[in-house]
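Each remark here refers to the structure printed beneath this line.
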Amino acid sequence: MNSTAVLSVEAMRAAEQAAMNAGISEWELMQRAGQGAARWVMRMAAGRPVTVLCGPGNNGGDGYVIAGCLHAKGYKVRVIAPVEPKSETARKARAAFDGEVMGRAALTDPVVVDCLFGYGLSRNAKGEFANLLEELAASDCYKIAIDVPSSVESDSGSVLGPLPRYNLTLALGAWKQAHFLMPAMASMGALRCVPIGLALNDASDQSTTAPRLTAPAADSHKYRRGLLAVVAGSMPGAPLLSAEAAMHAGAGYVKLVSDHSHPDAPADLVIEQDLDAVLEDERISAVLTGPGLGRDDEARKRLSRVLGSGRPCVLDADALHLLRPDMLKGADVTKLCLTPHEGELATLCESFGVTLQSKLDRARRLHDVTGMTVLAKGPDTVLADREGMRFFPRGSSWLSVAGSGDVLAGIVASRLAVHSDTMRACEEAVWLHHEAARRAAPAFSASDLACALIPAMASFL
Ligand SMILES: NC(=O)C1=CN([C@@H]2O[C@H](COP(=O)(O)OP(=O)(O)OC[C@H]3O[C@@H](n4cnc5c(N)ncnc54)[C@H](O)[C@@H]3O)[C@@H](O)[C@H]2O)[C@@H](O)CC1
Ligand SMILES: [K+]
């Protein structure tokens with residue numbers, strides 16, 4: 001079975017070294033990778049001629065193994081290699097391939113397999129490598145990237161050269177971080193992982209799989225299912241949207257704490273004004289604040305009261321701009337969940353002294369320095385928590401709509417009200433958000449998205 005482990009380059013090299021220490025040679029690992037990838041290539045090529053682009057490292061070595069497998073099966077296959085292989089194992093793979101190898105040729109075959117660089121890409125692809133990648137980008141052939149697309153930096157997902165749009169990307173041995181990060185992720189097409197027998201059980205960073213939700217217990221009542229308070233502020237629309245989403249994501253009872261009149265609120269949403277009275281209710285199992293909270297003194301006071309309540313909390317939007325380290329004194333940070341988008345993540349990093357650049361590093365460090373669960377949302381949402389990083393498959397690009405984040409915060413809070421586990425709540429929420437988008441697509445509004453949560457919930461029961 002495929003592992004869900006997601007490895008940095010350093011962790012990948014360590015896993016491969018551990019396999020070699022256990023007696024599996026690099027040559028054997030390359031055979032497993034190349035043969036496994038070749039099975040996918042043949043499935044996609046279905047008899048059509050194939051060109052394999054081979055680079056100087058072991059990714060190129062994989063390419064020679066793939067070409068050899070295709071050759072042995074009677075495929076018309078040729079290798080284009082702008083340089084001779086440099087690593088010993090790749091040289092051995094090159095020597096073992098007895099088909100056609102060219103330094104340069106036009107990309108005329110209907111299927112092209114890109115093995116120029118894997119996780120060893122260390123600088124911008126230039127010269128003949130860049131020319132080949134540009135030509136590949138312009139071609140309408142079926143494109144398969146081996147391990148990672150050759151201009152993609154494996155740890156950050158940043159792009160160091162011309163980036164074709166691939167139909168299929170075959171991760172070798174384990175997922176790399178770039179498989180879940182933008183901008184790289186958008187170019188990879190379908191993603192599959194080819195196992196090569198690495199021991200990955202200790203990996204802390206994982207890709208997530210669809211959650212299993214459960215129906216309320218047979219003897220449940222509304223409080224036992226979870227009572228959520230959504231604490232509004234100066235603007236009425238956003239917290240109402242969060243509350244409506246929360247009503248469809250599992251909590252038994254959602255209260256909106258707001259001074260606004262909310263004429264459009266559904267009849268079954270309870271609206272109260274007295275924040276202190278609501279927070280004193282022993283039955284409150286989670287609180288959400290931030291959407292529409294505002295950023296003035298009154299908003300800061302409301303946030304402090306929410307944090308002082310000691311309840312599991314989701315902080316989003318304005319709350320993330322107001323949050324300061326001193327507000328967390330005495331708080332049980334393991335009950336707190338932050339749901340920043342890129343801009344809010346930058347603000348939080350400033351407030352908490354995190355100076356790293358990439359979204360992944362920032363989210364990880366923000367969790368490490370604060371202890372809070374950090375769900376850094378966006379087209380490449382990542383979750384940082386006590387057990388490590390969690391990654392998600394690509395969601396619908398139609399989620400880029402106003403109010404989408406308010407809906408997500410409402411879902412996280414609803415799930416938190418159900419079971420009080422911040423990390424699990426975030427994982428479930430991202431999947432529910434994606435599934436609601438899939439069901440509401442294409443051009444939905446945020447309130448359509450909140451409604452589509454009802455059938456989305458059914459997908460995970
Ligand atoms: N190490 C192992 O045990 C295994 C490795 N495998 C393959 O090996 C790959 C990693 O191999 P390598 O570490 O050799 O790395 P790569 O094959 O990704 O490439 C590294 C080589 O390219 C050069 N290079 C990097 N960036 C360049 C640029 N922009 N322009 C020109 N040259 C550049 C480097 O100097 C080095 O010679 C994986 O992605 C995977 O495909 C698989 O065969 C499975 C087993
Ligand atoms: K590649």
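Note that Cβ sites are derived from N, Cα and C of the backbone, with glycine treated the same way.
The DSSP secondary structure for N58 ((6S)-NADPHX binding site) is helix. Feature annotation from TrEMBL assigns (6S)-NADPHX binding site to 58-62, 118-124, D147, A238, G292, H341, D406.
For N59, D114, S150, the entry in TrEMBL reads K(+) binding site. There are 28 other Cβ atoms within 10 Å of the Cβ belonging to D114 (K(+) binding site).
Residues or ranges marked as AMP binding site by TrEMBL: K377, G378, P379, D380, T381, G405. With a cut-off of 8 Å between CB atoms and residues at least 6 apart in sequence, the same chain places T339, P340, H341, G405, L408, V430 near K377 (AMP binding site), listed in sequence order.
What TrEMBL records for 12-204 is domain 'YjeF N-terminal'.
The domain 'YjeF C-terminal' feature in TrEMBL is assigned to 205-460.
S150 (K(+) binding site) sits 8 Å from Y119 ((6S)-NADPHX binding site), taking the C-alpha atoms as the reference points. Residues distinguished by a CB atom under 6 angstroms from ligand 1 are absent from the binding-site residues H341, G378, P379. In the three-state DSSP reading, D114 (K(+) binding site) counts as strand. In this structure, of the binding-site residues N58, S122, T381, the smallest number of CB atoms within 10 A of the CB marks S122.
Checking the binding-site residues N59, D114, K377 against ligand 2, the ones whose Cβ sits under 6 Å from it are N59, D114. Within the same chain, the residues at least 6 positions away from P379 (AMP binding site) whose Cβ sits under 8 Å from its Cβ are M182, M185, A186, R394, G395, S397, L399, S400, listed in sequence order.
Each of the binding-site residues G61, G378, G405 was scored by the other Cβ atoms within 10 Å of its Cβ; the lowest score goes to G378.
In the three-state DSSP classification, T381 (AMP binding site) falls within coil.
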